[in-house]
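For reference, the structure discussed in these notes is given below.
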């Protein structure tokens with residue numbers, strides 16, 4: 001089946017591979033796919049004993065968890081579904097797991113809609129919003145504003161190296177929002193035309209720091225210098241509860257070929273195979289924006305100053321968080 005475990009369903013492995021390859025992207029989309037994968041694992045499990053069923057579900061969760069270390073929505077989704085796995089028989093465990101996954105997916109869909117309504121309240125007719133990368137939560141705010149009849153425009157950073165800004169631009173044009181696409185290095189120049197910076201988050205730490213696509217921190221610093229408010233749109237599944245107990249957030253490093261493919265590298269170094277060519281390529285996927293550069297974090301529970309999100313974390317997750325896939 002796969003070297004990640006004989007008990008893991010092929011469909012789960014496929015989902016894990018798609019998350020790792022960023023074919024499934026966006027924190028909410030990743031969380032939804034993870035919940036769906038656990039439901040599929042539960043449905044297709046051939047376990048005959050309850051302990052074997054639980055072992056298979058945890059193995060599936062671990063396979064999914066190991067794909068994206070920074071996207072905290074993934075472990076939060078896995079924790080939620082596994083916490084609802086309950087019963088004394090395989091049939092009961094199967095039914096409870098599937099029901100829990102479906103509940104999570106319903107709540108997830110409603111959360112984004114609620115978040116969008118909160119974020120839309122920050123926008124006024126004629127506002128110009130600068131975006132970075134592609135965030136379904138940030139887009140939910142803009143969509144809600146458009147549906148409310150608010151006339152807005154967008155300045156969209158292309159977001160190298162994977163050009164996720166193109167996805168954002170495409171969606172905004174489908175809503176008839178006027179869009180200006182800019183290269184990343186032009187943000188400082190075009191901030192003079194912006195009323196807001198609106199970004200998403202892959203995760204948010206207990207101190208209010210925002211972990212998001214590389215380039216977010218630099219944009220936030222420049223925006224503060226120019227007096228442009230920075231809003232982070234993030235569902236509470238992106239809060240990182242482990243940071244309450246001193247854990248740090250791992251910054252994912254992606255393949256250097258996203259920046260330079262083999263032919264481009266050879267052209268720079270004038271070597272055929274790139275071995276010992278003296279060229280190093282760094283490709284961190286995310287950076288950390290300190291809370292002092294963020295004006296507000298918008299969630300489905302309302303709008304919060306970044307320094308207060310730890311209170312929300314404690315309400316939602318308690319003081320400690322288990323990793324059930326390790327049990």
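Each Cβ is built from the backbone N, Cα and C atoms, and glycine gets one as well.
According to Swiss-Prot, the feature active site, proton acceptor maps to 133, an assignment based on sequence analysis. DSSP assigns residue 133 (active site, proton acceptor) to coil, not to a helix or a strand. With a cut-off of 8 Å between CB atoms and residues at least 6 apart in sequence, the same chain places 157, 159, 164, 165, 168, 199, 200, 212, 213, 215, 216 near residue 133 (active site, proton acceptor), listed in sequence order.
The annotation active site, proton donor is assigned in Swiss-Prot to 202. Secondary structure at residue 202 (active site, proton donor), as computed by DSSP, is coil.
Annotated substrate binding site per Swiss-Prot: 25, 26, 27, 28, 68, 212, 213, 238, in sequence order, evidence recorded as sequence analysis. In the three-state DSSP reading, residue 238 (substrate binding site) counts as helix. Take the CB of residue 238 (substrate binding site) and look out to 10 A: across all protein chains shown you find 26 other CB atoms.
Each of the binding-site residues 27, 28 was scored by the number of other CB atoms within 10 Å of its CB, and the largest score is that of 27.
On the backbone, the CA of residue 238 (substrate binding site) and the CA of residue 202 (active site, proton donor) stand 6 Å apart. Comparing residue 202 (active site, proton donor) with residue 27 (substrate binding site), their Cα atoms are 6 Å apart once rounded.
A sphere of 10 angstroms centred on the C-beta of residue 26 (substrate binding site) encloses 22 other C-beta atoms. For the substrate site, whose binding residues are given in the record as 25, 26, 27, 28, 68, 212, 213, 238, the maximum C-alpha distance rounds to 15 Å. Take the mean position of the Cβ atoms of 25, 26, 27, 28, 68, 212, 213, 238, the recorded substrate site; other residues of that chain with a Cβ within 8 Å of it are 29, 30, 71, 73, 135, 200, 201, 202.
The secondary structure of residue 27 (substrate binding site), as reduced to three states from DSSP, is helical.
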